[in-house]
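A.B. asks: Dumping the structure here so I can ask a few things about it.
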Amino acid sequence: MSSNPENSGVNANNNTGTGNADAITGAQQNMVLQPRQLQEMAAKFRTLLTEARNVGETTPRGKELMFQAAKIKQVYDALTLNRRRQQAAQAYNNTSNSNSSNPASIPTENVPNSSQQQQQQQQQTRNNSNKFSNMIKQVLTPEENQEYEKLWQNFQVRHTSIKEKETYLKQNIDRLEQEINKQTDEGPKQQLQEKKIELLNDWKVLKIEYTKLFNNYQNSKKTFYVECARHNPALHKFLQESTQQQRVQQQRVQQQQQQQQQQQQQQQQQQQQQQQRQGQNQRKISSSNSTEIPSVTGPDALKSQQQQQNTITATNNPRGNVNTSQTEQSKAKVTNVNATASMLNNISSSKSAIFKQTEPAIPISENISTKTPAPVAYRSNRPTITGGSAMNASALNTPATTKLPPYEMDTQRVMSKRKLRELVKTVGIDEGDGETVIDGDVEELLLDLADDFVTNVTAFSCRLAKHRKSDNLEARDIQLHLERNWNIRIPGYSADEIRSTRKWNPSQNYNQKLQSITSDKVAAAKNNGNNVASLNTKK
(Lines of atoms letter the chains of each structure in order from A; the text may use other names.)
(Lines give C-alpha, C1' and ligand atoms only; values in the text may rest on other atoms or scores of the structure.)
Protein backbone atom coordinates (compact mmCIF):
# COMPACT_ATOMS: atom_id res chain seq x y z
CA MET A 1 0.00 0.00 0.00
CA SER A 2 1.48 3.33 -1.01
CA SER A 3 1.21 6.29 1.34
CA ASN A 4 0.49 8.77 -1.45
CA PRO A 5 -3.17 9.62 -2.05
CA GLU A 6 -2.38 10.49 -5.66
CA ASN A 7 -2.03 6.75 -6.40
CA SER A 8 -5.48 5.83 -5.06
CA GLY A 9 -7.05 5.80 -8.51
CA VAL A 10 -9.76 8.40 -7.81
CA ASN A 11 -9.32 12.10 -8.41
CA ALA A 12 -11.16 13.78 -5.54
CA ASN A 13 -10.62 17.26 -6.94
CA ASN A 14 -12.99 16.55 -9.83
CA ASN A 15 -15.84 15.91 -7.40
CA THR A 16 -15.33 19.03 -5.36
CA GLY A 17 -15.07 21.50 -8.22
CA THR A 18 -12.44 23.96 -9.26
CA GLY A 19 -13.27 26.45 -6.51
CA ASN A 20 -11.38 24.47 -3.87
CA ALA A 21 -8.10 24.79 -5.79
CA ASP A 22 -7.66 28.37 -4.56
CA ALA A 23 -8.18 27.39 -0.90
CA ILE A 24 -4.48 26.77 -0.23
CA THR A 25 -2.96 29.98 1.03
CA GLY A 26 0.62 31.05 1.50
CA ALA A 27 0.45 30.23 5.21
CA GLN A 28 -0.25 26.57 4.43
CA GLN A 29 2.68 26.40 2.00
CA ASN A 30 5.08 27.40 4.78
CA MET A 31 3.78 24.70 7.13
CA VAL A 32 5.98 21.76 8.12
CA LEU A 33 4.84 18.20 8.78
CA GLN A 34 6.53 15.02 9.90
CA PRO A 35 6.38 11.89 7.69
CA ARG A 36 4.25 10.08 10.30
CA GLN A 37 1.57 12.77 10.09
CA LEU A 38 1.69 12.61 6.28
CA GLN A 39 1.05 8.86 6.45
CA GLU A 40 -1.89 9.44 8.79
CA MET A 41 -3.35 11.98 6.35
CA ALA A 42 -2.96 9.49 3.48
CA ALA A 43 -4.67 6.76 5.50
CA LYS A 44 -7.52 9.13 6.39
CA PHE A 45 -7.87 10.01 2.68
CA ARG A 46 -8.16 6.33 1.74
CA THR A 47 -10.73 5.58 4.43
CA LEU A 48 -12.88 8.51 3.30
CA LEU A 49 -12.75 7.31 -0.31
CA THR A 50 -13.69 3.75 0.60
CA GLU A 51 -16.59 4.96 2.76
CA ALA A 52 -17.79 7.22 -0.05
CA ARG A 53 -17.70 4.32 -2.51
CA ASN A 54 -19.59 2.05 -0.11
CA VAL A 55 -22.25 4.66 0.63
CA GLY A 56 -22.43 5.95 -2.95
CA GLU A 57 -20.71 8.99 -4.44
CA THR A 58 -24.01 10.54 -5.57
CA THR A 59 -25.64 10.39 -2.13
CA PRO A 60 -25.37 13.43 0.18
CA ARG A 61 -23.25 11.47 2.66
CA GLY A 62 -20.95 10.37 -0.15
CA LYS A 63 -20.61 13.95 -1.39
CA GLU A 64 -19.64 15.13 2.09
CA LEU A 65 -17.03 12.39 2.37
CA MET A 66 -15.60 13.24 -1.05
CA PHE A 67 -15.46 16.92 -0.10
CA GLN A 68 -13.49 16.08 3.06
CA ALA A 69 -11.17 13.84 1.05
CA ALA A 70 -10.56 16.65 -1.45
CA LYS A 71 -9.61 19.04 1.36
CA ILE A 72 -7.13 16.54 2.78
CA LYS A 73 -5.67 15.97 -0.69
CA GLN A 74 -5.17 19.70 -1.23
CA VAL A 75 -3.27 20.06 2.04
CA TYR A 76 -1.25 16.91 1.28
CA ASP A 77 -0.33 18.14 -2.22
CA ALA A 78 0.81 21.52 -0.90
CA LEU A 79 2.96 19.91 1.78
CA THR A 80 4.49 17.37 -0.60
CA LEU A 81 5.33 20.16 -3.06
CA ASN A 82 7.11 22.11 -0.33
CA ARG A 83 8.96 19.00 0.73
CA ARG A 84 10.06 18.23 -2.83
CA ARG A 85 11.25 21.79 -3.29
CA GLN A 86 13.29 21.57 -0.09
CA GLN A 87 14.81 18.27 -1.18
CA ALA A 88 15.62 19.71 -4.61
CA ALA A 89 17.24 22.76 -3.02
CA GLN A 90 19.32 20.57 -0.71
CA ALA A 91 20.37 18.37 -3.63
CA TYR A 92 21.31 21.45 -5.65
CA ASN A 93 23.37 22.81 -2.75
CA ASN A 94 25.15 19.49 -2.32
CA THR A 95 25.94 19.21 -6.03
CA SER A 96 27.15 22.81 -6.23
CA ASN A 97 29.41 22.29 -3.20
CA SER A 98 30.85 19.10 -4.67
CA ASN A 99 31.41 20.79 -8.04
CA SER A 100 33.11 23.78 -6.42
CA SER A 101 35.49 21.50 -4.47
CA ASN A 102 36.10 19.04 -7.34
CA PRO A 103 34.63 20.04 -10.72
CA ALA A 104 35.56 16.73 -12.34
CA SER A 105 33.51 14.70 -9.89
CA ILE A 106 29.90 13.89 -10.86
CA PRO A 107 27.40 12.94 -8.15
CA THR A 108 26.01 9.45 -8.69
CA GLU A 109 24.28 8.79 -5.37
CA ASN A 110 20.54 9.29 -5.31
CA VAL A 111 18.60 10.77 -2.43
CA PRO A 112 17.02 7.98 -0.34
CA ASN A 113 13.28 7.63 -0.57
CA SER A 114 11.05 8.72 2.29
CA SER A 115 9.61 5.20 2.58
CA GLN A 116 13.08 3.72 3.05
CA GLN A 117 13.89 6.31 5.70
CA GLN A 118 10.65 5.52 7.52
CA GLN A 119 11.38 1.78 7.42
CA GLN A 120 14.85 2.40 8.79
CA GLN A 121 13.45 4.56 11.58
CA GLN A 122 10.87 1.89 12.46
CA GLN A 123 13.56 -0.79 12.55
CA GLN A 124 15.74 1.39 14.76
CA THR A 125 12.86 2.01 17.19
CA ARG A 126 12.08 -1.72 17.32
CA ASN A 127 15.73 -2.59 17.95
CA ASN A 128 15.96 0.05 20.67
CA SER A 129 12.78 -1.23 22.35
CA ASN A 130 14.06 -4.82 22.22
CA LYS A 131 17.39 -3.75 23.73
CA PHE A 132 15.58 -1.80 26.43
CA SER A 133 13.35 -4.77 27.33
CA ASN A 134 16.33 -7.15 27.43
CA MET A 135 18.24 -4.80 29.73
CA ILE A 136 15.21 -4.51 32.03
CA LYS A 137 14.91 -8.32 32.17
CA GLN A 138 18.47 -8.49 33.47
CA VAL A 139 17.59 -6.08 36.29
CA LEU A 140 14.32 -7.78 37.26
CA THR A 141 14.08 -10.51 39.86
CA PRO A 142 13.08 -14.07 38.80
CA GLU A 143 9.56 -13.65 40.19
CA GLU A 144 9.13 -10.40 38.28
CA ASN A 145 10.46 -12.07 35.13
CA GLN A 146 7.83 -14.78 35.49
CA GLU A 147 5.08 -12.17 35.75
CA TYR A 148 6.45 -10.37 32.70
CA GLU A 149 6.50 -13.65 30.74
CA LYS A 150 2.86 -14.21 31.68
CA LEU A 151 1.97 -10.80 30.28
CA TRP A 152 3.89 -11.53 27.11
CA GLN A 153 2.29 -14.97 26.68
CA ASN A 154 -1.22 -13.57 27.11
CA PHE A 155 -0.49 -10.93 24.51
CA GLN A 156 0.94 -13.51 22.10
CA VAL A 157 -2.06 -15.84 22.49
CA ARG A 158 -4.55 -13.08 21.73
CA HIS A 159 -2.35 -11.76 18.93
CA THR A 160 -2.16 -15.16 17.22
CA SER A 161 -5.93 -15.65 17.52
CA ILE A 162 -6.56 -12.26 15.90
CA LYS A 163 -4.08 -13.05 13.11
CA GLU A 164 -5.76 -16.39 12.39
CA LYS A 165 -9.14 -14.67 12.15
CA GLU A 166 -7.64 -12.06 9.86
CA THR A 167 -6.18 -14.66 7.49
CA TYR A 168 -9.50 -16.50 7.43
CA LEU A 169 -11.36 -13.28 6.56
CA LYS A 170 -8.84 -12.43 3.83
CA GLN A 171 -9.29 -15.83 2.23
CA ASN A 172 -13.07 -15.48 2.27
CA ILE A 173 -12.87 -11.96 0.83
CA ASP A 174 -10.63 -13.18 -2.01
CA ARG A 175 -13.07 -16.00 -2.78
CA LEU A 176 -16.01 -13.61 -2.81
CA GLU A 177 -14.16 -11.28 -5.18
CA GLN A 178 -13.55 -14.15 -7.57
CA GLU A 179 -17.21 -15.18 -7.41
CA ILE A 180 -18.34 -11.57 -7.95
CA ASN A 181 -16.16 -11.31 -11.05
CA LYS A 182 -17.60 -14.56 -12.38
CA GLN A 183 -21.26 -13.66 -11.72
CA THR A 184 -23.27 -11.90 -14.44
CA ASP A 185 -26.68 -11.65 -12.75
CA GLU A 186 -27.26 -8.56 -10.65
CA GLY A 187 -29.26 -10.24 -7.87
CA PRO A 188 -26.69 -12.79 -6.66
CA LYS A 189 -23.93 -10.28 -7.38
CA GLN A 190 -25.47 -7.79 -4.94
CA GLN A 191 -25.83 -10.50 -2.30
CA LEU A 192 -22.16 -11.41 -2.68
CA GLN A 193 -21.20 -7.74 -2.40
CA GLU A 194 -23.22 -7.41 0.81
CA LYS A 195 -21.42 -10.44 2.24
CA LYS A 196 -18.12 -8.90 1.23
CA ILE A 197 -19.03 -5.64 3.00
CA GLU A 198 -19.89 -7.60 6.16
CA LEU A 199 -16.52 -9.37 6.03
CA LEU A 200 -14.73 -6.05 5.53
CA ASN A 201 -16.51 -4.62 8.56
CA ASP A 202 -15.44 -7.66 10.58
CA TRP A 203 -11.88 -7.05 9.38
CA LYS A 204 -12.04 -3.44 10.58
CA VAL A 205 -13.32 -4.63 13.96
CA LEU A 206 -10.36 -7.01 14.19
CA LYS A 207 -7.96 -4.15 13.49
CA ILE A 208 -9.57 -2.07 16.23
CA GLU A 209 -9.29 -5.02 18.62
CA TYR A 210 -5.62 -5.41 17.80
CA THR A 211 -4.88 -1.72 18.41
CA LYS A 212 -6.71 -1.89 21.74
CA LEU A 213 -4.84 -5.04 22.66
CA PHE A 214 -1.47 -3.49 21.83
CA ASN A 215 -2.26 -0.30 23.75
CA ASN A 216 -3.42 -2.31 26.76
CA TYR A 217 -0.23 -4.36 26.58
CA GLN A 218 1.91 -1.21 26.53
CA ASN A 219 0.00 0.31 29.43
CA SER A 220 0.23 -2.90 31.45
CA LYS A 221 3.98 -3.00 30.81
CA LYS A 222 4.36 0.57 32.07
CA THR A 223 2.33 -0.11 35.20
CA PHE A 224 4.27 -3.33 35.79
CA TYR A 225 7.60 -1.48 35.53
CA VAL A 226 6.40 1.24 37.89
CA GLU A 227 5.18 -1.26 40.48
CA CYS A 228 8.42 -3.25 40.25
CA ALA A 229 10.52 -0.07 40.57
CA ARG A 230 8.88 0.64 43.94
CA HIS A 231 10.30 -2.58 45.39
CA ASN A 232 13.37 -2.98 43.14
CA PRO A 233 15.96 -0.20 43.65
CA ALA A 234 18.13 -1.44 40.76
CA LEU A 235 15.22 -1.08 38.33
CA HIS A 236 14.39 2.35 39.76
CA LYS A 237 17.97 3.50 39.18
CA PHE A 238 18.04 2.01 35.67
CA LEU A 239 14.82 3.81 34.68
CA GLN A 240 16.16 7.13 35.97
CA GLU A 241 19.41 6.69 34.02
CA SER A 242 17.53 5.73 30.85
CA THR A 243 15.34 8.83 31.05
CA GLN A 244 18.41 11.01 31.56
CA GLN A 245 20.12 9.38 28.57
CA GLN A 246 17.06 9.98 26.41
CA ARG A 247 17.05 13.66 27.34
CA VAL A 248 20.78 13.97 26.55
CA GLN A 249 20.26 12.26 23.19
CA GLN A 250 17.42 14.60 22.32
CA GLN A 251 19.60 17.60 23.17
CA ARG A 252 22.41 16.23 21.01
CA VAL A 253 20.07 15.69 18.10
CA GLN A 254 18.81 19.26 18.41
CA GLN A 255 22.38 20.59 18.51
CA GLN A 256 23.30 18.56 15.43
CA GLN A 257 20.31 19.93 13.57
CA GLN A 258 21.27 23.48 14.49
CA GLN A 259 24.86 22.89 13.36
CA GLN A 260 23.66 21.47 10.05
CA GLN A 261 21.47 24.51 9.50
CA GLN A 262 24.38 26.84 10.25
CA GLN A 263 26.63 24.91 7.86
CA GLN A 264 24.02 25.15 5.12
CA GLN A 265 23.74 28.89 5.67
CA GLN A 266 27.51 29.31 5.51
CA GLN A 267 27.66 27.28 2.30
CA GLN A 268 24.95 29.42 0.74
CA GLN A 269 26.80 32.59 1.73
CA GLN A 270 30.05 31.26 0.27
CA GLN A 271 28.27 30.41 -2.97
CA GLN A 272 26.82 33.92 -3.17
CA GLN A 273 30.26 35.44 -2.55
CA GLN A 274 31.81 33.23 -5.23
CA GLN A 275 29.12 34.27 -7.69
CA GLN A 276 29.72 37.94 -6.89
CA ARG A 277 33.48 37.52 -7.37
CA GLN A 278 32.96 35.74 -10.67
CA GLY A 279 30.70 38.57 -11.83
CA GLN A 280 33.31 41.18 -10.84
CA ASN A 281 36.06 39.24 -12.63
CA GLN A 282 33.95 39.02 -15.77
CA ARG A 283 33.32 42.77 -15.65
CA LYS A 284 37.03 43.47 -15.24
CA ILE A 285 37.85 41.18 -18.15
CA SER A 286 35.25 42.86 -20.35
CA SER A 287 36.56 46.33 -19.42
CA SER A 288 40.18 45.27 -20.10
CA ASN A 289 39.17 43.84 -23.47
CA SER A 290 37.43 47.08 -24.36
CA THR A 291 40.57 49.11 -23.47
CA GLU A 292 42.86 46.78 -25.47
CA ILE A 293 41.10 47.52 -28.79
CA PRO A 294 43.72 48.69 -31.45
CA SER A 295 43.95 52.48 -31.51
CA VAL A 296 43.17 54.51 -34.63
CA THR A 297 45.88 56.93 -35.76
CA GLY A 298 45.01 60.54 -35.56
CA PRO A 299 44.69 63.35 -33.05
CA ASP A 300 40.98 62.63 -32.36
CA ALA A 301 41.69 59.04 -31.32
CA LEU A 302 44.50 60.14 -29.00
CA LYS A 303 42.23 62.70 -27.35
CA SER A 304 39.51 60.07 -26.78
CA GLN A 305 42.03 57.65 -25.20
CA GLN A 306 43.33 60.36 -22.89
CA GLN A 307 39.77 61.20 -21.81
CA GLN A 308 39.05 57.52 -21.02
CA GLN A 309 42.23 57.22 -18.97
CA ASN A 310 41.40 60.39 -17.08
CA THR A 311 37.90 59.12 -16.24
CA ILE A 312 39.29 55.75 -15.03
CA THR A 313 41.87 57.43 -12.79
CA ALA A 314 39.24 59.83 -11.49
CA THR A 315 36.96 56.99 -10.43
CA ASN A 316 39.79 55.06 -8.78
CA ASN A 317 41.51 58.04 -7.16
CA PRO A 318 39.27 61.04 -6.33
CA ARG A 319 41.94 62.71 -4.23
CA GLY A 320 44.48 62.58 -7.06
CA ASN A 321 42.14 64.61 -9.23
CA VAL A 322 42.09 67.33 -6.63
CA ASN A 323 45.88 67.42 -6.50
CA THR A 324 46.26 67.56 -10.29
CA SER A 325 43.73 70.36 -10.51
CA GLN A 326 45.64 72.25 -7.84
CA THR A 327 48.96 71.84 -9.68
CA GLU A 328 47.40 72.97 -12.94
CA GLN A 329 45.97 76.03 -11.20
CA SER A 330 49.34 76.82 -9.63
CA LYS A 331 50.92 76.82 -13.09
CA ALA A 332 48.35 79.35 -14.31
CA LYS A 333 48.62 83.05 -13.54
CA VAL A 334 47.35 84.13 -10.12
CA THR A 335 44.40 86.54 -10.37
CA ASN A 336 41.43 87.49 -8.18
CA VAL A 337 39.16 85.09 -10.08
CA ASN A 338 41.66 82.22 -9.85
CA ALA A 339 42.16 82.82 -6.10
CA THR A 340 38.42 82.66 -5.32
CA ALA A 341 38.03 79.54 -7.47
CA SER A 342 40.91 77.82 -5.68
CA MET A 343 39.40 78.71 -2.29
CA LEU A 344 36.04 77.19 -3.31
CA ASN A 345 37.75 74.01 -4.55
CA ASN A 346 39.66 73.65 -1.26
CA ILE A 347 36.43 74.07 0.77
CA SER A 348 34.60 71.43 -1.31
CA SER A 349 37.51 69.01 -0.98
CA SER A 350 37.64 69.48 2.81
CA LYS A 351 33.87 68.86 3.04
CA SER A 352 34.17 65.66 1.02
CA ALA A 353 37.01 64.54 3.29
CA ILE A 354 34.93 65.28 6.40
CA PHE A 355 31.75 63.52 5.26
CA LYS A 356 33.46 60.47 3.80
CA GLN A 357 32.69 57.22 5.60
CA THR A 358 35.62 56.02 7.68
CA GLU A 359 36.67 52.40 7.68
CA PRO A 360 35.45 50.54 10.80
CA ALA A 361 38.00 49.67 13.47
CA ILE A 362 36.50 46.18 13.91
CA PRO A 363 36.80 44.08 10.72
CA ILE A 364 33.50 42.69 9.44
CA SER A 365 33.64 38.94 8.88
CA GLU A 366 32.70 37.64 5.46
CA ASN A 367 30.68 34.72 6.88
CA ILE A 368 27.84 36.12 8.98
CA SER A 369 25.95 33.44 10.91
CA THR A 370 22.21 34.09 10.98
CA LYS A 371 19.52 31.92 12.53
CA THR A 372 16.79 30.65 10.24
CA PRO A 373 13.26 31.44 11.43
CA ALA A 374 11.74 28.33 13.00
CA PRO A 375 8.06 27.51 12.31
CA VAL A 376 5.75 28.90 14.99
CA ALA A 377 2.39 27.42 16.03
CA TYR A 378 -0.21 29.98 14.86
CA ARG A 379 -3.19 30.37 17.18
CA SER A 380 -6.54 31.48 15.82
CA ASN A 381 -7.49 34.86 17.26
CA ARG A 382 -10.77 35.96 18.74
CA PRO A 383 -13.78 36.43 16.41
CA THR A 384 -13.57 40.23 16.28
CA ILE A 385 -12.92 42.78 13.55
CA THR A 386 -9.21 43.08 14.34
CA GLY A 387 -8.84 39.47 15.51
CA GLY A 388 -7.95 40.50 19.04
CA SER A 389 -4.85 42.46 17.96
CA ALA A 390 -4.12 46.18 18.16
CA MET A 391 -3.70 46.56 14.39
CA ASN A 392 -5.70 45.10 11.53
CA ALA A 393 -2.50 44.29 9.58
CA SER A 394 -2.33 40.52 9.12
CA ALA A 395 1.17 40.73 7.65
CA LEU A 396 2.52 42.18 10.90
CA ASN A 397 0.54 39.91 13.24
CA THR A 398 1.20 36.54 11.56
CA PRO A 399 4.68 34.92 11.82
CA ALA A 400 6.93 34.28 8.82
CA THR A 401 6.60 30.50 8.89
CA THR A 402 3.71 28.78 10.61
CA LYS A 403 3.51 25.23 11.90
CA LEU A 404 0.51 23.03 11.27
CA PRO A 405 -1.48 22.38 14.46
CA PRO A 406 -1.60 18.82 15.68
CA TYR A 407 -3.86 16.98 13.26
CA GLU A 408 -6.16 14.65 15.21
CA MET A 409 -6.95 11.65 13.06
CA ASP A 410 -9.95 9.37 13.61
CA THR A 411 -8.89 7.37 16.68
CA GLN A 412 -11.90 5.02 16.56
CA ARG A 413 -13.40 6.72 19.62
CA VAL A 414 -16.89 8.04 20.15
CA MET A 415 -15.64 11.37 21.49
CA SER A 416 -12.43 13.18 20.52
CA LYS A 417 -10.04 14.75 23.00
CA ARG A 418 -10.66 18.22 21.58
CA LYS A 419 -14.43 17.94 22.14
CA LEU A 420 -13.91 16.70 25.69
CA ARG A 421 -11.61 19.62 26.51
CA GLU A 422 -14.11 22.09 25.06
CA LEU A 423 -16.88 20.53 27.17
CA VAL A 424 -14.82 20.81 30.35
CA LYS A 425 -13.96 24.43 29.58
CA THR A 426 -17.60 25.37 28.96
CA VAL A 427 -18.75 23.65 32.17
CA GLY A 428 -16.05 25.39 34.20
CA ILE A 429 -16.87 28.80 32.73
CA ASP A 430 -20.61 28.34 33.31
CA GLU A 431 -20.02 27.52 36.98
CA GLY A 432 -17.63 30.49 37.37
CA ASP A 433 -14.48 28.46 37.97
CA GLY A 434 -12.61 29.74 34.91
CA GLU A 435 -10.57 27.45 32.71
CA THR A 436 -10.19 23.92 34.10
CA VAL A 437 -7.51 21.51 32.91
CA ILE A 438 -7.90 17.72 32.73
CA ASP A 439 -5.19 15.30 33.69
CA GLY A 440 -4.14 12.83 31.00
CA ASP A 441 -5.26 9.76 32.96
CA VAL A 442 -8.66 11.31 33.72
CA GLU A 443 -9.09 12.21 30.06
CA GLU A 444 -8.41 8.65 28.93
CA LEU A 445 -10.76 7.32 31.63
CA LEU A 446 -13.63 9.55 30.47
CA LEU A 447 -13.08 8.57 26.83
CA ASP A 448 -13.11 4.88 27.79
CA LEU A 449 -16.34 5.36 29.76
CA ALA A 450 -18.01 7.03 26.76
CA ASP A 451 -16.89 4.19 24.47
CA ASP A 452 -18.12 1.52 26.90
CA PHE A 453 -21.50 3.23 27.34
CA VAL A 454 -22.13 3.54 23.60
CA THR A 455 -21.00 -0.01 22.83
CA ASN A 456 -23.16 -1.43 25.64
CA VAL A 457 -26.28 0.44 24.52
CA THR A 458 -25.82 -0.40 20.82
CA ALA A 459 -25.13 -4.08 21.49
CA PHE A 460 -28.22 -4.53 23.69
CA SER A 461 -30.47 -2.60 21.29
CA CYS A 462 -29.21 -4.69 18.35
CA ARG A 463 -30.10 -7.84 20.27
CA LEU A 464 -33.61 -6.49 20.86
CA ALA A 465 -33.98 -5.72 17.16
CA LYS A 466 -32.90 -9.26 16.27
CA HIS A 467 -35.36 -10.60 18.87
CA ARG A 468 -38.11 -8.70 17.05
CA LYS A 469 -36.82 -10.29 13.81
CA SER A 470 -36.19 -6.95 12.12
CA ASP A 471 -33.08 -5.70 10.31
CA ASN A 472 -33.62 -2.05 11.30
CA LEU A 473 -32.60 -0.59 14.64
CA GLU A 474 -35.39 1.66 15.93
CA ALA A 475 -35.65 4.21 18.72
CA ARG A 476 -37.85 1.98 20.87
CA ASP A 477 -35.04 -0.61 21.09
CA ILE A 478 -32.65 1.97 22.50
CA GLN A 479 -35.38 3.51 24.68
CA LEU A 480 -36.27 0.23 26.35
CA HIS A 481 -32.66 -0.43 27.34
CA LEU A 482 -32.06 3.15 28.55
CA GLU A 483 -35.28 3.28 30.63
CA ARG A 484 -34.89 -0.14 32.24
CA ASN A 485 -31.14 -0.16 32.93
CA TRP A 486 -30.04 3.51 32.98
CA ASN A 487 -33.28 5.37 33.91
CA ILE A 488 -32.80 7.65 30.87
CA ARG A 489 -35.68 8.74 28.64
CA ILE A 490 -35.31 9.90 25.06
CA PRO A 491 -37.15 13.22 24.55
CA GLY A 492 -39.88 13.08 21.92
CA TYR A 493 -40.38 9.29 22.08
CA SER A 494 -42.79 7.29 24.21
CA ALA A 495 -42.85 3.56 24.83
CA ASP A 496 -45.58 1.44 23.22
CA GLU A 497 -46.10 -0.76 26.29
CA ILE A 498 -49.16 -0.22 28.49
CA ARG A 499 -48.39 -0.08 32.20
CA SER A 500 -51.16 -0.98 34.68
CA THR A 501 -51.37 1.03 37.91
CA ARG A 502 -53.12 -0.16 41.08
CA LYS A 503 -55.41 2.11 43.05
CA TRP A 504 -54.59 2.11 46.74
CA ASN A 505 -57.53 1.61 49.11
CA PRO A 506 -56.67 2.75 52.67
CA SER A 507 -57.92 0.85 55.72
CA GLN A 508 -60.38 2.13 58.40
CA ASN A 509 -57.66 2.67 61.00
CA TYR A 510 -55.78 4.86 58.59
CA ASN A 511 -58.89 6.96 57.88
CA GLN A 512 -59.59 7.40 61.63
CA LYS A 513 -56.04 8.60 62.21
CA LEU A 514 -56.36 11.14 59.40
CA GLN A 515 -59.65 12.46 60.84
CA SER A 516 -58.14 12.87 64.30
CA ILE A 517 -55.17 14.76 62.83
CA THR A 518 -57.43 17.15 60.91
CA SER A 519 -59.65 17.76 63.96
CA ASP A 520 -56.60 18.58 66.08
CA LYS A 521 -55.43 21.04 63.42
CA VAL A 522 -58.83 22.79 63.40
CA ALA A 523 -58.89 23.03 67.22
CA ALA A 524 -55.38 24.47 67.32
CA ALA A 525 -56.34 27.09 64.74
CA LYS A 526 -59.43 28.13 66.80
CA ASN A 527 -57.37 28.48 69.99
CA ASN A 528 -54.84 30.69 68.20
CA GLY A 529 -57.67 32.91 66.90
CA ASN A 530 -59.20 33.31 70.38
CA ASN A 531 -55.83 34.23 71.90
CA VAL A 532 -55.23 36.94 69.29
CA ALA A 533 -58.72 38.43 69.89
CA SER A 534 -58.20 38.59 73.69
CA LEU A 535 -54.88 40.37 73.24
CA ASN A 536 -56.48 42.99 71.00
CA THR A 537 -59.27 43.71 73.54
CA LYS A 538 -56.76 44.19 76.36
CA LYS A 539 -54.84 46.76 74.33
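Just so you know, glycine gets a Cβ as well, placed from its N, Cα and C.
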A.B. asks: From SER98, SER286, pick the one Swiss-Prot annotates as phosphoserine?
C.D. replies: SER286
A.B. asks: Looking at SER114, SER129, SER161, SER287, which one is marked phosphoserine in Swiss-Prot?
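C.D. replies: Comparing SER114, SER129, SER161, SER287 with the record, Swiss-Prot tags SER129 as phosphoserine.
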A.B. asks: Which one of these stretches, 1-28, 169-196, shows up in Swiss-Prot as region 'Disordered'?
C.D. replies: 1-28
A.B. asks: Taking only the residues in the coiled coil (239-285), give me the average pLDDT of this model.
C.D. replies: 82
A.B. asks: Reported in the order helix, strand, coil, what are the DSSP residue counts of the domain 'Histone-fold' (413-490)?
C.D. replies: 54 helix, 0 strand, 24 coil
A.B. asks: If you run through the compositional bias 'Low complexity' (274-283) with DSSP, how many residues end up as helix, strand and coil?
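C.D. replies: Tallied per class, the compositional bias 'Low complexity' (274-283) gives 10 helix, 0 strand, 0 coil.
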